[in-house]
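Peer 1: Pulled the feature table from TrEMBL, pasting it below:
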DOMAIN    27-511  domain 'Major facilitator superfamily (MFS) profile'
TRANSMEM  25-45  transmembrane segment
TRANSMEM  65-85  transmembrane segment
TRANSMEM  92-110  transmembrane segment
TRANSMEM  122-145  transmembrane segment
TRANSMEM  179-201  transmembrane segment
TRANSMEM  213-231  transmembrane segment
TRANSMEM  243-262  transmembrane segment
TRANSMEM  283-304  transmembrane segment
TRANSMEM  316-337  transmembrane segment
TRANSMEM  344-361  transmembrane segment
TRANSMEM  416-434  transmembrane segment
TRANSMEM  488-509  transmembrane segment
Amino acid sequence: MRSRDSAPPQDIEQSNTTGWTLRQIWMLTVACCAVALVVAAMAALNTALPDLARDTGATQSQLTWIVDGYTLTLAALLLPAGALGDRYGRRGLLMFGLLIFGLGATIPILNDSPEWVIGSRAVAGVGAAFVMPATLSLLTAGFPLSQRGRAVGIWSGVAGSGAIAGLLVSGLLLEQWSWKAIFVSLAVVSGILFLTGFTIASSRQTDQAPLDLPGTVTIAAAVGLFVLGTIEAPHRGWLDPTVIGLMAGGVAAAVAFALVELRREHPLLDVRLFANRAFGSGSMSLLVQFLAILGLFFFAVQYLQLVLSYSPLESALALAPIAVPVMMLSVGMPFVLPYVGLRPLLSVGAAILGVGILLMVRLDEYSSYPQVALPLVVAAFGIGLCTAPATTAIVQNTPDEKQGVASAVNDTAREIGAAIGVALAGSILAAGYGRHVQPAVDAVPDVAKEPVSSSLAAALHVARSAGPQGEQLASFARKAFLEGMDEASIALACVCFASAVVLAAWAPGRKGSSPAPRKDEELADVD
């Protein structure tokens, strides 16, 4: 094992972008467009749900699954898909994923029943699971280590801003056309990117180790069951037996996965990688980042549309400033990382993210846009500080022949964090709203009690038909929503602050991690 001082740590090696070839720039462009597509698809339908419910007759439960069906299949299949890319070729798996994604996006154009739309989203999630890890592993395999940091930083910035792009594009489309235009745009873009796949170079694992089927099955079950339990928690309750059973099953499958992998000669994911402080802290950081920011998005969009009466397009434009600091800092952090190490970037970034979310408690029914933008921009600075360094720590502390799996770990951390964040924020928001709106529920007729108590959107619908008392009901319901939003903001901020403390102790400093292993046989040497 090389000593700590014999070479600069992989996770803090100096980046150098001089000498990028046109082929590398084109590969980066295609990879960024592809990851932006699949991330945008996660958020794009949020602005269209009211129209989709009206046109298809979808219930609230079906609307939830139209959004979450995509996340479930995506998260469950990321690690197996990344391993297949390493084995059979990353470009081929990228193109396969784009083909499946496009097929899934086409289905609702032809059949718009809620069941078919849910199925289409699940199919698109399968395709996205092959696309996401391939985009990053193509870059880490296609750029030499000295040039890799900035490429990963650009990819991270695009991935972090993709949800905003999805909201913006869907808002623009809904101004002129129906919700089906969103699926048309997703299908067309995936088709174009599929064709561009023929123009980029591929890469694959040189030694053809046997496929780890037990590991593939157990990790898909672990992630799938845990995410499914997280999705169901806001509706059933966190102590519901079904939710507890699903999440316990996910944890049990994860333990089984770890035991299986420790005993295999050629594991899908060598779990000893998490003993590397840079790899482990980077994975944790990404999970917390996406837990916090997707939880923030969940109630921020509702606040803008239901409390401040923004249109879908206006709410997307209001969130757009988040993308600016995320992109700028993600590109710049690879240059800072060699001088300061992971510890200050990950811990300070998490703390600033928490401060931004905590500032949401200052907002009310009459807040101006500058007041709204302040917490969003502060949170974006926190994300920008730590997202590229966290991804760099993962991919540069994984053997070159396992870059697809490293990329899948990066993406899986994001997806699990996003699912937990939406579920956590949704549960706290719903509980807080229900508790504070109860006096209004007691005062309305029996036929209106259930909708008023269920959500602000339903309460505002009742208020519009309630005559002179409607405005009073609407104002009371908005205040109840703000109480729930404050509670959710405080909870997410506390998660960020707690993670900042953990990362300050766990993440390596400038000289605090050993060089990443470059071959599987060296994994036993990681710290």
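Glycine is treated like the rest: Cβ placed from N, Cα and C.
Mind running through what each feature is packed against?
Peer 2: When pLDDT is averaged over the domain 'Major facilitator superfamily (MFS) profile' (27-511), the result is 85.
Within the same chain, residues 10, 13, 24, 27-28, 31-32, 34-35, 37-38, 41, 69-78, 80-82, 84-86, 90-91, 93-94, 96-105, 107, 151-152, 155, 186, 190, 200-203, 391, 395-396, 400, 403-408, 410-411 sit at least 6 positions outside the transmembrane segment (122-145) and bring their C-beta atoms closer than 8 Å to a C-beta of that stretch.
Outside the transmembrane segment (179-201), and at least 6 residues removed from its termini, the chain residues within Cβ reach (under 8 Å) are 23, 26-27, 30, 33-34, 37, 41, 44-45, 48, 51-52, 55, 91, 94-95, 98-99, 101-102, 105-106, 108-109, 112, 120, 124, 127, 138, 142, 169-170, 173.
When Cβ-Cβ distances below 8 Å are used as the criterion, the transmembrane segment (416-434) is approached by residues 42, 68, 71, 75, 223, 226-227, 230-231, 233-234, 238, 286-296, 298-299, 453, 455-456, 480-481, 483-488, 491-492, 495 of the same chain, each at least six residues removed from its ends.
Residues of the same chain lying 6 or more positions beyond the ends of the transmembrane segment (488-509) and with a Cβ under 8 Å from any Cβ of it are 9, 11, 277-278, 280-282, 284-285, 288, 291-292, 295-296, 299, 340-344, 346-348, 350-351, 353-355, 357-358, 360-361, 382, 421, 424-425, 428-429, 432.
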Peer 1: Are there 3 or more C-beta pairs under 8 Å linking the transmembrane segment (25-45) with the transmembrane segment (92-110), counting only pairs at least 6 apart in sequence?
Peer 2: yes
Peer 1: Quickly jot the same-chain residues contacting the transmembrane segment (25-45) by Cβ under 8 Å, restricted to those at least six beyond its ends, or write none.
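Peer 2: Cβ under 8 Å, 6 or more out: 52, 66-67, 70-71, 74, 94, 98, 101, 105, 124, 127-128, 131-132, 134-136, 138-139, 142, 151, 154-155, 158-159, 161-167, 169-170, 179, 182, 186, 189-190, 193, 196-197, 199-201, 297, 418.
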Peer 1: List, by number or range, the same-chain residues at least 6 past the transmembrane segment (283-304) whose CB is under 8 A from its CB atoms?
Peer 2: 43, 46-47, 163, 167, 274, 310, 314-315, 318-319, 346, 349-350, 353-354, 357, 360, 363, 372, 376, 379, 383, 386-387, 389-391, 394, 409-410, 413-418, 420-422, 424-426, 429, 456-457, 481-482, 484-485, 488-489, 492, 495-496, 499, 502-503, 506-507
